[in-house]
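Taken straight from Swiss-Prot:
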DOMAIN    100-222  domain 'MPN'
BINDING   H171, H173, D184  Zn(2+) binding site
MOTIF     171-184  motif 'JAMM motif'
Amino acid sequence: MKNNAQLLMPREKMLKFGISALTDVELLALFLRTGTRGKDVLTLAKEMLENFGSLYGLLTSEYEQFSGVHGIGVAKFAQLKGIAELARRYYNVRMREESPLLSPEMTREFLQSQLTGEEREIFMVIFLDSQHRVITHSRLFSGTLNHVEVHPREIIREAIKINASALILAHNHPSGCAEPSKADKLITERIIKSCQFMDLRVLDHIVIGRGEYVSFAERGWI
């Protein structure tokens, strides 16, 4: 009964002020629904976030880490992973259906949803038309933990095939640090030069890390 009474607080707050008014602890408590013996759901949610550092840390955790939380089993782990996957697919659909790009923030959120948590470097390209509306996006290259081989010709071939006029490049750093390497800068320059011959514009190259990002355009490098 105590857990149910505690849960009414986030629910009532959500109904009155909207879901965005909930704190991370309250949002997680709403999902968990019940606590464990001797621990109400809000306390459990607070401890989980403290253990994992943030919602990001929680949603990207592995089962070995998650199973150490007393009273929380594989079912809740599967549900949390399902939430993360739902978010990724939501941004995937939103990117296709809400063209043109609504804002740099939406682009970044989409890329974070697609690349966060990947164990290998993935190089993605968002293809845009002359009005900067999204045509499609594609994971063109996949590499290792700290390297991905990128071929500008493949990018250009795909752009020509779908009649794209502009590109947004993106890749992830599984290490968590989003700061671009020298190799990242060099391949970006190569892609830009190759695209110029085909009258293709590279609007940005965004590097996704663990809870952080770097935009070449924001840095003034493009």
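Cβ coordinates are placed from backbone N, Cα and C, and glycine is handled just like the others.
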Quiz item: Whose Cβ lies within 8 Å of the mean position of the Cβ atoms of H171, H173, D184, the Zn(2+) site, other than those residues?
Solution: E121, F123, V148, N172, A178, P180, S181, V207, I208
Quiz item: For D184 (Zn(2+) binding site), what is the secondary structure by DSSP, using just helix, strand and coil?
Solution: helix
Quiz item: Do any residues at least six apart in sequence from H173 (Zn(2+) binding site), in the same chain, have a Cβ closer than 8 Å to its Cβ, and if so which, in order?
Solution: E121, N146, E179, V207, I208, G209
Quiz item: Other than its own, how many Cβ atoms are within 10 Å of the Cβ belonging to D184 (Zn(2+) binding site)?
Solution: 19
Quiz item: Roughly where does the motif 'JAMM motif' (171-184) sit in mean pLDDT, to the nearest integer?
Solution: 95
